[in-house]
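Chemist: Sending over a structure as structure tokens; questions will come in a sec.
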């Protein structure tokens, strides 16, 4: 900005041609690391989930409240659905996404449907004895939870899309688009506020603490792995909207932090079934 001789304000931008351009090194790192990571996680999840399903079928009497057979089977279904999407995503990162916008949005719909359904299952399993037996009441609850998770995952499908025809991205709209803000609010509610509320309730109610002591707390591994990703999405909103000071370094460091937090969440599909198996064996 400059001023003329009469101190009149003139909106004149001075370009700094000597400034160093921003070079974000996250994308090359992501394209190199993500495919083998997703492939290895998918393989581990398939083996762990298969072993968990075999254990459920072979020894049904060993699964009692709070780790009831009905709840564990649905969590296994959720992790299986999530892990089944990883090979396609790994191939899309390595070779480019060539399946079109429709399948990209379907992938994000199923991805978030799995995550949201598991979050609701964990919450329902921590608040009562609904899954103590598989009766008409628990079956109606299961249908309601999976239907609600699918509805809550719909905005994620609508805001996703393809970029340059060869990348399936989770956000193809503006950061302040109403639909994306709705999706972000749902993620924060299910991945941050819901666990915080349940934790406070468990600290206040002795019966909930007792269920944790008998093993129900293991299913919280899922929410613990996805919590940092929810916080990262909130940080992305603040940074992209200009509410935090933007700079080349802050954007690059944030991309790395968000990528690591999402990778941490992805690990749930392999670590969750293993943790349930080990807890039941012990």
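Here the Cβ of each residue, glycine as well, is placed from N, Cα and C on the backbone.
In TrEMBL, annotation is done automatically, which means it is predicted and not curated.
Okay, so TrEMBL annotates it like this:
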TRANSMEM  37-57  transmembrane segment
TRANSMEM  69-90  transmembrane segment
TRANSMEM  110-129  transmembrane segment
TRANSMEM  141-160  transmembrane segment
TRANSMEM  180-205  transmembrane segment
TRANSMEM  217-244  transmembrane segment
TRANSMEM  256-279  transmembrane segment
Chemist: Which residues of the same chain, at least 6 past either end of the transmembrane segment (256-279), have a Cβ under 8 Å from a Cβ in it?
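Modeler: Distant contacts of the transmembrane segment (256-279): 26, 29-30, 37-38, 41-42, 44-45, 48-49, 51-52, 55, 67, 72, 75-76, 79-80, 82-83, 86, 115, 118, 215, 218-219, 221-222, 225-226, 228-229, 231-233, 235-236.
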Chemist: Hey, does the transmembrane segment (110-129) touch the transmembrane segment (180-205), meaning at least 3 C-beta pairs closer than 8 angstroms, sequence gap 6 or more?
Modeler: yes
Chemist: Relative to the transmembrane segment (37-57), which of 69-90, 110-129, 141-160, 217-244 accounts for the most Cβ pairs at distances under 8 Å?
Modeler: 69-90
Chemist: For the transmembrane segment (217-244), name the stretch out of 69-90, 110-129, 141-160 with the most CB-CB pairs under 8 Å.
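Modeler: So the stretch in question is 110-129.
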